[in-house]
Every structure is written in structure tokens, then in C-alpha cells.
Amino acid sequence: MSMTAQKALQRIVEHREILQDEMVQLMRQIMNSEVSGIMVAAILAGLRVKKETVGEIAGAATVMREFSRKVNVQDRTHLVDIVGTGGDGWHTFNISTCAMFVAAAAGAKVAKHGNRSVSSKSGSADVLEALGASIELQPLEVAEAIGCIGVGFMFAPIHHPVMQVVSPVRREMGVRTIFNILGPLTNPADAPNILMGVFDPDLVGIQVHVLHKLGAERALVVCGRDGMDELSLGTTTLVGELRGGRVCEYEVSPEDYGMAVSPISNLRVESSAESREMLLNVLAGKPGPALDVVALNAGAALYVAGVAQDIGHGVALAREVIFNGRARNILNQYVAFTRRPRNV
């Protein structure tokens, strides 16, 4: 039986689940502009109140992947995305963006998917522009950057143009919806390994099972007990790990990796310019909480990418490439690559 918007809404208001294949049908209709804005808003709000299930999220993400402009990375060995949902409210500098250059310098291939700021002071796209990089790379150029340098940034509006269909509704609603957690699940390069930060501990188990359904090989989904959508220095971090087809959950703390506990306030910024300054200080090897949190998250990325044996080994590799200048060199190469003359 086909799933219509009306049937879906009826199911939702009765607090009944939409099955994954039904969600695929529904999302295709939404993305093809076959559902009115009023119905889209009602469905999104209803899902939020009911709480989205693993199958519903996986079905929606499947369709977003179908409609995306793909990045074809030839050598997928150690290919990883480092991404967060955002929305944690802490306004830290761009930790995952800094970590991508560190992870690439240590041997991973990073296909980072991101956007401008929505709720933070500086989104990944914003800080990359502040660093002098162009964020307007087309899919072939991103693939070339990953192949040549080991890192590429995929600006969400370029790779998900169909999102314009729901943008007016989301903007007018002004509340979190399923789309806030779909972005990190829809990497256009289909990176088989992923380090994902989420803003809510309840999402750790959900998102790691969604990634399993979507065919990820390895994944770490993390949320600090302080609500940070990264591995946190301020407290323990809840981790959901997918490896070998199995999912497990555990906690890690900064002390596990020889790091001092440090309040998140030490990582806060007020603008992209401040985030840029903190990021460059890290890549220059300036000791402190910012360097520690980048090493911790880059270390986790190196582990999930299969470069490091465990997170601790990854942290050691991350520190090495920060202090020997290789991570800063990767940043410089990437900025130069994005600014080169392009054929029109």
C-alpha cells in the first residue's frame, strides 16, 4: 500500500510508527514538491512530538542521499566524515573543522559535509571562508581535493539543492525537525566511516543504529554529558560505536587519554574570526584545551577511519602531526587548492 501524506499524518497523530519503506515513499513525495507546505509542516511537527524512530530517520536519509549531488572518491581506504548536528548551544570554535586537517595529515581521507552557522557563532563553512578557502567547490573538485590532499569540504547547499523545497517551511516553523539530524547522515561522498557528534545523549543510540541501517562500515556517535556535540574535555562522553556489524555503547573521559578536564568556556568564541584564530593557534602547536580537544576528536576520527588502533593511538598520531607542522601544511594546501583559477 502506498503511503500518502494524509495517511502518514494520521499515523503520526496516533503515535504510530511510519515504517522505513513507507518513509522512503513519503520523503520522495516531499522532495518532488508533491506535498503542500501545510502538510509538510504538520508532518515535521508531528514527528518531532512523537519522536522519530530509527526506521523513520533511515528512510528519510535514504531519500536525501538519492537526491544529492554525489562526490565520487576513487580510493575509499580510510575515508571518513567528521560531522556534528550542531545545536548544542555551547558556541565553541570549529573543533571538527580543525580536526579534519589533523586527521588528513595523519593518514585519513576526510570528506567533510557541512554548512553555514544556524545556531552557533561559526559554522564549518564560515570558518573555512575566514581561513581564505572557497567553499563553492563542485563535486568533481571535491573528489580531486580528497585524492590530492586528503581532505575535501562539501558545502551542503551545493550537494543538496532539493532542500530548497522544504527550506521555507523549516524557516517559518523555527523549531528543530527531523532535518536537523538528517544532514550528518547524508554525506554526498558516502563516506563509509563516520565520527558524528549529536546534541542530545538520547540520539547516540538512535543515530548509530541508523548508520548501521544505512550501511556504514564503522561509526562513532558521540555526545558529551555536558551536551557538547563532540568528544568533550569538560566531562565524560557517551559513545555509540558501530564496528563489524555490531553496536555497543560506552563512555570515555579526557583523563583516559592523559588530558586534564577543562570547562567548555575555554573553547567558546563569538565569531568566525575568533574561531579562525583559535584554530590557527591549535595548528601552530599552542598548548592548551583547544589543542587537546582537537587531538581527542581527530584521534577518534583516525580510529574510526582505521588509521589508528584505538582512540589513544589516534590522539598520539594527532599530536604528532600538529607539532611537526603537517596539519598546518594540509590546511595551506587545501586553501591554495580551492583558490586556484577554475575553468568557467
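The first residue you see is number 1, and the count goes up from there.
In case you wondered, yes, glycine gets a Cβ from its N, Cα and C as well.
Small disclaimer: the values here were computed from a predicted structure and weren't measured.
The 5-phospho-alpha-D-ribose 1-diphosphate binding site annotation in Swiss-Prot covers G84, 87-88, T92, 94-97, 112-120, S124 and is backed by sequence analysis. In the three-state DSSP scheme, T92 (5-phospho-alpha-D-ribose 1-diphosphate binding site) is classed as strand.
Swiss-Prot lists G84, N115 with the feature anthranilate 1 binding site. According to DSSP, G84 (5-phospho-alpha-D-ribose 1-diphosphate binding site) is assigned to a strand segment.
Swiss-Prot lists S96, E230 with the feature Mg(2+) 1 binding site. Counting only residues at least six positions away in the same chain, the Cβ atoms of I82, V83, G84, K112, S124, L195, G197, E230, N297 sit under 8 Å from the Cβ of S96 (5-phospho-alpha-D-ribose 1-diphosphate binding site).
Neighbour count (other Cβ atoms within 10 Å of the Cβ, all protein chains): 17 for R170 (anthranilate 2 binding site). Taken from Swiss-Prot, the feature anthranilate 2 binding site applies to R170, supported by sequence analysis.
Marked as Mg(2+) 2 binding site by Swiss-Prot: D229, E230. Around the Cβ of D229 (Mg(2+) 2 binding site), a 10 Å sphere holds 28 further Cβ atoms from the protein chains shown.
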Nonlocal neighbours by CB distance (under 8 Å) for R116 (5-phospho-alpha-D-ribose 1-diphosphate binding site), same chain, sequence gap 6 or more: G123, A125, D126
Rounded distance in angstrom between the Cα atoms of D229 (Mg(2+) 2 binding site) and T92 (5-phospho-alpha-D-ribose 1-diphosphate binding site): 10
N115 (anthranilate 1 binding site) and T92 (5-phospho-alpha-D-ribose 1-diphosphate binding site), Cα-Cα, nearest whole angstrom: 16
Inter-residue C-alpha distance, N115 (anthranilate 1 binding site) and R170 (anthranilate 2 binding site) (nearest angstrom): 16
Structural state of H113 (5-phospho-alpha-D-ribose 1-diphosphate binding site), classified by DSSP into three states: strand
Cβ packing number for N115 (anthranilate 1 binding site), 10 Å threshold: 18
